[in-house]
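K.L.:
Dropping the structure in here first, questions after.
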């Protein structure tokens, strides 16, 4: 279950950023999760809530944005690979235009803290 370790890393990252910016409270956190990470957003959100207890993050709203897989194929196709075309147990993807596997993945592998909204000291 790599969701736990990823949620822990997110919590540590947000706490570190909040402390560096003299926050008294974290109000909202937006996280981007790429489809190819195979992370379950519902599990991540649950673990973020649990790991936030007793910290500056407790009570914060977590917004999880799923980033679709975008490819650039040798055939010239540039765009999104639809989620229903992905096998979530083994993320083998192919170009929807030519069926090929020779492409560059432009998006969908990331897991980033995109935005943190804090309450600062007066």
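Backbone N, Cα and C atoms are what each Cβ position is placed from, and that goes for glycine too.
Grabbed the feature section from Swiss-Prot, which reads as follows:
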BINDING   2  Ni(2+) binding site
BINDING   73, 75, 95, 98  Zn(2+) binding site
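Can you walk me through where each of these features ends up in the structure?
P.N.:
Classification of residue 2 (Ni(2+) binding site) by DSSP places it within a helix.
The number of other CB atoms found within 10 A of the CB of residue 98 (Zn(2+) binding site), across every protein chain shown, is 14.
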K.L.:
C-alpha of residue 2 (Ni(2+) binding site) to C-alpha of residue 95 (Zn(2+) binding site): distance in Å?
P.N.:
28
K.L.:
Hey, what's the Cβ neighbour count for residue 75 (Zn(2+) binding site) at 10 Å?
P.N.:
12
K.L.:
Other residues near the Zn(2+) site, CB within 8 A of the CB centroid of 73, 75, 95, 98?
P.N.:
74, 76, 77, 96, 97, 99, 100, 102, 103
K.L.:
To see if you understand the setup: which same-chain residues, six or more apart in sequence, place their Cβ under 8 Å from that of residue 95 (Zn(2+) binding site)?
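P.N.:
Listed in sequence order: 71, 73, 75, 77, 81, 101, 103.
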K.L.:
Looking only at Cβ atoms, how many others are within 10 Å of the one on residue 2 (Ni(2+) binding site)?
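P.N.:
Within a 10 Å radius of the Cβ of residue 2 (Ni(2+) binding site) lie 13 other Cβ atoms.
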